[in-house]
Amino acid sequence: MEAKEAGQLLKREKFEFDIGFTSYLKRAIKTLDYILDEMNLLWIPIHKTWHLNERHYGALQGLSKETTARQYGEEQVMKWRRSYDVLPPALTAEDERNPRNDPKYRDVPERFLPLTESLKETGIRVEDYWEKEIVPQIKSGKKVIIAAHGNSLRALIKYLENISNEAIVDVNIPTGTPLVYSLDEHLKPVEKHYLGSEGRTSTKIEKAANPDWILE
């Protein structure tokens, strides 16, 4: 399992963390749990937040690539997936997939629950949480681990590295591969690298560019 391998790799490289952040979605929660278990760090505090959720694909939510391509056409689906600010069709308020119907979000004001998102909207919520919740922890001297999703992580990387709207659409995040940032006193990246073999990381990046599913 990728998450366990990532935890073993982080432990072997002598990484330690004081606090963790993840989304409300099961995949990221379990990933962080597996990593910390391998590192014997299950005791550190973990903050779960909807701000780090995967991008909401609206009416495409939960559908396979094959289904969406058949329904909307492959070219249109790729435009929705890979553009920065193009919104997929929104869920209707009555759709059972509306986040307000999910008990996970009962404490989240309805105005914050998206019916569709582009990467742009995803970035707004990710950046807000980074500045308000994660930055203070880093400034206090804590070592932070974040387990999230392809698009929420892309949004964070865009913000940290000041990547353009045009360039970010070609950035792919390999699953189960730790990405390590060293930050200066202004929390700007001075160095970053993926842990693991270069060849395996490249394969995972290629796979991330063509996922089997839209999202969980």
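Any Cβ shown, glycine's included, is placed from N, Cα and C.
What you see is a predicted model, and the numbers here were worked out from it, not measured in a lab.
Straight from TrEMBL, the features:
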ACT_SITE  Glu54  active site, proton donor/acceptor
BINDING   Arg27, Glu54, Arg55, His56, Tyr57, Lys65, Arg81, Arg82, Gly150, Asn151  substrate binding site
SITE      His149  site 'Transition state stabilizer'
Within 10 Å, the Cβ with the most other Cβ atoms among the recorded positions Arg27, Glu54, Arg55, Arg81 is that of Arg55
Cα separation, His149 (site 'Transition state stabilizer') to Arg55 (substrate binding site) (Å, whole number): 8
Across all chains shown, how many C-beta atoms besides its own are within 10 angstroms of the C-beta of Gly150 (substrate binding site)? 18
Substrate site residues Arg27, Glu54, Arg55, His56, Tyr57, Lys65, Arg81, Arg82, Gly150, Asn151: biggest Cα-Cα distance, Å? 22
Cβ contacts within 10 Å for His149 (site 'Transition state stabilizer'), all chains included, total 23
Can you tell me which of the recorded positions Arg27, Glu54, Tyr57, Arg81 is spatially closest to His149 (site 'Transition state stabilizer')? Compare CA atoms only. Glu54
One finds that other Cβ atoms within 10 Å of the Cβ of Tyr57 (substrate binding site) number exactly 24
Cα-Cα distance linking Glu54 (active site, proton donor/acceptor) and Arg81 (substrate binding site), given in Å to the nearest integer: 12
If you measure Glu54 (active site, proton donor/acceptor) to Gly150 (substrate binding site) at Cα, how many Å is it? 7
